[in-house]
Amino acid sequence: MSALKRMMRVSNRSLIAFIFFFSLSTSCLYFIYVAPGIANTYLFMVQARGIMLRENVKTIGHMIRLYTNKNTTLNGTDYPEGNNTSDYLVQTTTYLPQNFTYLPHLPCPEKLPYMRGFLSVNVSEISFDEVHQLFSKDSEIGPGGHWRPKDCKPRWKVAVLIPFRNRHEHLPIFFLHLIPMLQKQRLEFAFYVIEQTGTQPFNRAMLFNVGFKEAMKDRAWDCVIFHDVDHLPENDRNYYGCGEMPRHFAAKLDKYMYILPYKEFFGGVSGLTVEQFRKINGFPNAFWGWGGEDDDLWNRVHYAGYNVTRPEGDLGKYISIPHHHRGEVQFLGRYKLLRYSKERQYIDGLNNLLYTPKILVDRLYTNISVNLMPELAPIEDY
């Protein structure tokens, strides 16, 4: 009888433990599904701690070797003890002097004296009326936020595309920060906010494709920046022009502890020339909900023969504006789509997109509202 009671106690404990762990695991899965942004932030924070610990151990070992050796060799050159041969130093770049004279018929330099480096980022909420009032004093800003330097020829004509839904408090902060920085960089630019209406899950990639098509109808741009509304650069030397290869600008984000989450990470802020974006057939349209579209874009870029470049050192640092919105639901089908990125590249993108936009031109941006649905991007079997 006593043995039976002991067995029942053990069974009850096992049942309680099973219920506890089952409840915990299902709660975690539900949290990851309904709040992927928060869940991934926590995950990246844990990963970043491990990376930082390994880097610190590596640095300490490097310093011990320098101290214990009388001479150390770097790239075949002997350096006496005490010289700094750190792998982490970044060579400083020379920027033009304050008295540099621009010529209206010559291209604007990429390294201007106004570009001082570190930017003070203010993420305090501000109304659109206040921001409009501030920029109303600048008569050179045209409708849609269009601006062009007059003292030199802009090296790039940049369309900044911003996918949008229910982040109205972020937009004025974004413009207050970005407009002065792009003016310092002597780029021609304008902003396009592509707003998703309706009840379908958020489709960031499809919004970018819509924005690209509408921006090309508006002006003859040659560089396109794909920019999340809650990402603010911390360094004005992070030049928003394009290049021979696609560019990932937001290499170090504060919510990821300024560490690149993984090598193929291509999210937040990226830039491609118009030619590059057309060659890869744009973003995929099939990613509904959170996650996967940036990884697919990375694949498209590499399948087209390009490499991705990033800013050196701390130039690619960004601050993420805090928000109180519920995150978009996870797109659980993204892994299957990513397995077939190559097969889908030229049947899902700019070439299969249908939409009917509503366009409103504001003083600082062009608003493109569109109700997205899966049938607006029909895809053939692959």
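In case you wondered, yes, glycine gets a Cβ from its N, Cα and C as well.
Per Swiss-Prot, the features are as follows:
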BINDING   P163, F164, R165, N166, R167, F202, N203, R204, V229, D230, Y258, W290, H323, H324  UDP-alpha-D-galactose binding site
BINDING   D230, H323  Mn(2+) binding site
BINDING   G292, E293, D294, D295, R334  N-acetyl-D-glucosamine binding site
DISULFID  C108-C152  disulfide bond
DISULFID  C223-C242  disulfide bond
CARBOHYD  N71  N-linked glycosylation site
CARBOHYD  N75  N-linked glycosylation site
CARBOHYD  N83  N-linked glycosylation site
CARBOHYD  N84  N-linked glycosylation site
CARBOHYD  N99  N-linked glycosylation site
CARBOHYD  N122  N-linked glycosylation site
CARBOHYD  N307  N-linked glycosylation site
CARBOHYD  N367  N-linked glycosylation site
TOPO_DOM  1-15  topological domain 'Cytoplasmic'
TRANSMEM  16-35  transmembrane segment
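C223 (disulfide bond) and N203 (UDP-alpha-D-galactose binding site) have their C-alpha atoms 22 Å apart, to the nearest angstrom.
Note: Y258 (UDP-alpha-D-galactose binding site) has non-local neighbours K252, K317, i.e. same-chain residues 6+ apart with C-beta under 8 A of its own C-beta. The average pLDDT computed over the topological domain 'Cytoplasmic' (1-15) stands at 60. Sequence-distant neighbours of V229 (UDP-alpha-D-galactose binding site) (same chain, 6+ residues apart, CB-CB distance under 8 A): I162, P163, F164, R167, H170, L171, F174, V193, I321. For the UDP-alpha-D-galactose site, whose annotated binding residues are P163, F164, R165, N166, R167, F202, N203, R204, V229, D230, Y258, W290, H323, H324, the maximal Cα to Cα separation is 26 Å. Sorted by the number of other CB atoms within 10 A, the disulfide-bonded residues C108, C152, C223, C242 start with C152, the lowest.
Across the residues annotated as binding N-acetyl-D-glucosamine (G292, E293, D294, D295, R334), the two Cα atoms farthest apart lie 11 Å from each other. Of the candidate recorded positions, N122, C242, G292, D294, D295, the one lying closest to C108 (disulfide bond) when CA atoms are compared is C242. Counting every protein chain shown, the Cβ of P163 (UDP-alpha-D-galactose binding site) has 23 other Cβ atoms within 10 Å.
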